[in-house]
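Straight from Swiss-Prot, the features:
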| type | residues | note |
| --- | --- | --- |
| CROSSLNK | K276 | SUMO2 cross-link |
| CROSSLNK | K382 | SUMO2 cross-link |
| CROSSLNK | K542 | SUMO2 cross-link |
| CROSSLNK | K656 | SUMO2 cross-link |
| MOD_RES | S76 | phosphoserine |
| MOD_RES | S91 | phosphoserine |
| MOD_RES | S95 | phosphoserine |
| MOD_RES | S161 | phosphoserine |
| MOD_RES | S284 | phosphoserine |
| MOD_RES | S295 | phosphoserine |
| MOD_RES | S365 | phosphoserine |
| MOD_RES | K396 | N6-acetyllysine |
| MOD_RES | K542 | N6-acetyllysine |
| MOD_RES | S631 | phosphoserine |
| MOD_RES | S648 | phosphoserine |
| MOD_RES | S751 | phosphoserine |
| REGION | 129-205 | region 'Tudor-like 1' |
| REGION | 330-334 | region 'Histone H3R2me0 binding' |
| REGION | 382-605 | region 'Methyl-CpG binding and interaction with HDAC1' |
| ZN_FING | 296-363 | zinc finger |
| ZN_FING | 705-744 | zinc finger |
Amino acid sequence: MWIQVRTMDGKETHTVNSLSRLTKVQELRKKIEELFHVEPQLQRLFYRGKQMEDGHTLFDYDVRLNDTIQLLVRQSLALPLSTKERDSELSDSDSGYGVGHSESDKSSTHGEGTADGDDKTVWEDTDLGLYKVNEYVDVRDNIFGAWFEAQVVQVQKKALSEEEPCSSSAIMAPEDDIMYHIKYDDYPEHGVDIVKAKNVRARARTVIPWEDLEVGQVVMANYNVDYPRKRGFWYDVEICRKRQTRTARELYGNVMLLNDSQLNNCRIIFVDEVLKIELPNERSPLIGSPSRRKSGPSCQYCKDDENKPCRKCACHICGGREAPEKQVLCDECDMAFHLYCLQPPLTCVPPEPEWYCPSCRTDSSEVVQAGEKLKKSKKKAKMASATSSSRRDWGKGMACVGRTTECTIVPANHFGPIPGVPVGTMWRFRVQVSESGVHRPHVAGIHGRSNDGAYSLVLAGGYEDDVDNGNFFTYTGSGGRDLSGNKRTAGQSSDQKLTNNNRALALNCHSPINEKGAEAEDWRQGKPVRVVRNMKGGKHSKYAPAEGNRYDGIYKVVKYWPEKGKSGFIVWRYLLRRDDTEPEPWTREGKDRTRQLGLTMQYPEGYLEALANKEKNRKRPAKALEQGPSSSKIGKSKRKSTGPATTSPRVSKKSKLEPYTLPLQQANLIKEDKGNAKLWDDVLSSLQDGPYQIFLSKVKEAFQCICCQELVFRPVTTVCQHNVCKDCLDRSFRAQVFSCPACRYDLDHSSPTRVNQPLQTILNQLFPGYGSGR
C-alpha cells in the first residue's frame, strides 16, 4: 500500500511506500522524516479534516490507497532570551516612554464616547410629524421589507441639547428626528415597537382598477416570496408587464425589498387587490376603524388557527400554544419548545445566548478536537480483525485498501455487460475489477442476490472441482467452508446448500428453481452472467490470464445440480456456456481486437511508480556492496551477472499501440452533432496517441451532466452549448429555474426541450445499456 504526503503549501509531494492498513502513525512519521527531513515531533499530519495522533493506525483514520495526507511543519521552539539580551532589545516604544496612545487606543476610546453619546440621547413627546397619535398607518418591517397595518401610539422627537441654538429651524424638527411608537393590528402580542419616520406612511386604502394600471407605475400589491401562488405580505411593486387574454389577466412587476434590492419579473396573483400608495397629507388622516387588508397566514400549516395544535408555529413536541413565556426557540431550526416538553425538562429559560434543540445540538463528546484520540468505533469493534488474537499483518493486501472510485453508470443489480468495458479488459487487482463495476465484491466469487439472480462471478480455481474449457466451464458453488477468524479460504468442511449466492446463480438458469437441480429448456434465454478469469486459475486452466484479472464476456447457466465433490462433501455444480458476440480474448480474433482497442494491463494509480521506487531502494544496498573496499573482481562479476535477474518481471516494456479508428457510422453521427463540434474535436484528439479506454474516459468527461454528475441520458444541447439530461432539465423547469445549470444563461422554457438524437445514438453505441435504471 502507498499514499501521498503533501506539504500544506503544495510545493512538495512524496509517495510513501511499503505501508499497511495497520501501520501506526508514529511509524508513518519516521518514513516521512526520511523523505521530508522533518523531525517527528515537528510534524502535524491532517487527513480529511482530522489531525492524526500517535497510537492510531491508518485503518483507524480510514486512509485508503493513494490518498493524500497533508503535512504541516511546526516551528521549532526557540530558547528564551537572557535578561541582558532582552533588555538590549527593548526600544523606546517597548519601554513605554515618550509615546502616547496608539491609533487603536484612540479609535477605541473615540468609539466608546460615541456609544455613550447615543445612549444618552433624550427623546420627548411632540405634536410634530406627519402622523398623529391614534392614526392608522402602514409600517415597513426591517426583516421582510413588507408593509404591515399599524396604529400610532406615541410620537417623539429628539430633544435639543444645551449647545444647539434655539432657532426657528431647530424648533421645526426634521422628519429624521421623529420616532413613532406603533402597535401592529395583526400582531398585538408584539406590543409597542419604535420605528423611524422613513418606515411609516399613510394607510393604503384605494383600490386601483385593472384599466388604470400602467407599466412603470409603483403600487402596493400582495406577494408571497416563498410560495408565489399563495397569498403573502404587501410590498411595493413596480409594474413591468401587463397582459390580458380572453380568460385571464396577467400582471408582472418588480417586488421592492430592503436596501434597494428587488425581485424581478414576479407575477402578481391578486390583480383585483392592487392598492395606490398614499402620499403625505394627500388625504385626511385615517382615525376611524378602517377596513382590513387580506394577508397570508404566518403559518402555512395551521393557517393561524389558534384552536388547532401546530408543531410548526407552536411547541414542536406537543403542538400546544399555551404558556408562551415557557417556550424557548432553537437558534438552528427556529422551532419552539416548551421547557417541560424537553427530555430532560428544563426548569427555566437557558441563560446562554444560543440554545439548540436535541435534533440540532452537536454532541460535544463525539467531536474530535485537535490533539485528541479518536473515539471508539462500534462498527470496527465488531470486525473479526478487532477480536482476533493473531498477530498477522492483514493490512498489506490489496483487498483491504478499499475502492477509490465506484461505478455509477449502471446500478449494482445490472445484468449484462458494463457500458464502456469491452471483452479483454485487464486489471492487476480485484479491487480494480470492483471499481469498474464488472464484479463488485472484493473477495467473494459470486455477486448476486438470492431473490434476483447472479450478476457476475470470478473463475479463480479456488475449488478443486472446477473444470474450465474456455467457451464452457463447470463452476462450483460457494459455502461449506469454515472461514472464521478472518480467513480468506479454507478446505471443504460441510455440505453446500442452495441458498444465498448459490440460489442466486441458479436463478439465472432458464428453468424454475429446483432444490434437486434443473436444466434450462433454452439456455440462451437465461439471465446473463459476467465472467472474470483470475491468474490463480492458471494452475487448472490454460485459459486463465498470465497476470491479474481479465473480463471474458457473457456466459449463461445451462444447468445446475448437486453432487459429491473430491472433498467428500456435497457441492453444487453449474455448467455455464459463453453467449457473447465479441470474440474470446484467447483466440486470434480476440487478440487482434485487444490489440486494435489498445487494451493493456490496468494498474492502480501510482502502482508502477511505487514499484519502481521499491526496486530502486532494493538496488541501493547492492550497489553499496559493489563499491565496498573488500569487494573483489569475482564478487563484482557475480553481482553484475545477477543484477538483471533481480529486476521485477511485472514492469514490462510497453508494446506499440495501434491507433483506434472509429466506425464510419459513428464518425458520420459525430459530424451531424454540430452543436458539440468543439467538444468532439477535443475528444477525438485522444485517439491519436491513446488507447480505446482513454477515448471512452474522455467521452464520459466531456458529456457529463452537471446536475446528476453522470453520462448524459437523452441529452439536451442548450443554445449556450451545454449538455444536460432531459429529465434533469425538466426537473429544473418545474422548480421555476429557467436558466442553464452550467452557466446560468436564460433559456426559453416556453418551447419543449428536444433531445439531441445524434449524440444519444453515439453514446448508445459507445456505452450500450448505460440507460439501465435511469
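Keep in mind that glycine also has a Cβ here, set from the backbone N, Cα and C atoms.
Counting every protein chain shown, 9 other Cβ atoms lie within 10 Å of the Cβ of K382 (SUMO2 cross-link). Closest to S751 (phosphoserine) in space, going by CA atoms and restricting to the recorded positions S76, S284, K396, K542, is S284. A helical conformation is recorded for K396 (N6-acetyllysine) in the three-state DSSP classification. Here the zinc finger (705-744) has, by DSSP, the following mix of helix, strand and coil residues: 9 helix, 8 strand, 23 coil.
Residues near S76 (phosphoserine) in space but far in sequence (CB under 8 A, at least 6 apart, same chain), listed by position: L42. Counting only same-chain residues six or more apart in sequence, none has a Cβ lying under 8 angstroms from the Cβ of K542 (SUMO2 cross-link). On the backbone, the CA of K396 (N6-acetyllysine) and the CA of S295 (phosphoserine) stand 68 Å apart. Comparing the modified residues S284, S295, S751 by how many other C-beta atoms lie within 10 angstroms of each C-beta, the top residue is S295. S284 (phosphoserine) carries neither a helix nor a strand DSSP state and counts as coil.
Of the recorded residues, K276 (SUMO2 cross-link) and S284 (phosphoserine) place their C-alpha atoms 15 Å from one another. Here the C-alpha separation of S295 (phosphoserine) and S284 (phosphoserine) works out to 25 Å. Taken through DSSP, the region 'Histone H3R2me0 binding' (330-334) splits into 0 helix, 0 strand, 5 coil. Between the CA atoms of K382 (SUMO2 cross-link) and S284 (phosphoserine) there is a gap of 81 Å. Within the model, the region 'Tudor-like 1' (129-205) shows a mean pLDDT value of 80, rounded to a whole number.
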